[in-house]
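The next block holds one structure in the form of structure tokens; read it before the comments.
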Amino acid sequence: MSEPQHRPYRRVLLKVSGEVLMGDTPYGIDTKTVESVAEDIREIVQSGVELCLVIGGGNIFRGMAGAAKGMERSSADYMGMLATVMNALAMQDALERIGVSTRVQSAIPMATVCEPYIRRRAQRHLEKGRVVIFAAGTGNPFFTTDTAAALRAAEMQCDALFKGTSVDGIYSADPKKDPEAKRYDTLDYMDVLAKDLRVMDASAVALMRDNNIPIVVFSIKGRGNLLNVLKGQGTHTVVSGVRAA
Ligand code: UDP
């Protein structure tokens, strides 16, 4: 029997949801968890992979939550985007403390805090081995950081979009609620959309389908998982245009 083929990834975009950064705390940024994710990132950067990062903001503020309490949705979404900048700065700090060179680029210009998003400049940073952290989502309300991750992955010509979550892949149902839930090894983009598997926004999945960029869903909670999955090992789900027989 032949070994499954694994094409090495040269450039990857890693999306980390804000909730991951909470660790076991109910809100905000857990420094130890950020440090642990930073260690994982250092490992893969040292392995020679060019890495882009998009971090969510759900650990601090979600626009929908503000809107549900009567705020205007756009204002609430801008607050959500600002939350992602705080997370980006926390991650930058943790990475730089362990010797990983980084740049934060924000879709909402914030000249005294970080660089504005400039695609060609971001590409140069990646070529020089720096981790580029894209903050403030797409810069537009009514979007999410999943869509921002898909957009930047396409713009940066990434070989894959890695989505680090608290679950080790995509399941047929919520594995925390349904013991019968089955994890998929591979899925087609259309399966995810048609079965409404809710691993990512439909707009993000569609953008990855149109640009033929695989989405790799894995648990970022265990130390070393990221490097393992990057090598095609460990438990994860790959969403691409090809479904395994
Ligand atoms: N957001 C936005 N536009 C974007 C990205 C994010 O308006 O392009 C806002 C939105 O309010 C969202 C919040 O920022 O709820 C935090 O992002 P998200 O919910 O995607 O974070 P995650 O769930 O990944 O932690």
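If you go along the chain as it appears here, the first residue is 1 and each next one adds 1.
Cβ from N, Cα, C; glycine included.
Note that this is a predicted model, so its numbers are computed, not measured.
Going through G57, G129, G164 against TrEMBL, the one listed in the UMP site together with D77, T138, G139, N140, P141, F142, F143, T144, T145 turns out to be G57.
When TrEMBL records K15, V16, S17, G18, G58, R62, Y171, D174 as binding ATP, the matching candidate from T25, T165 it lists for that site is T165. Between the C-alpha atoms of K15 (ATP binding site) and T138 (UMP binding site), the distance comes to 13 Å. The two recorded residues, S17 (ATP binding site) and G57 (UMP binding site), have Cα atoms 7 Å apart. Among the binding-site residues listed (K15, T165, D174), none has a CB atom closer than 6 Å to any atom of ligand 1.
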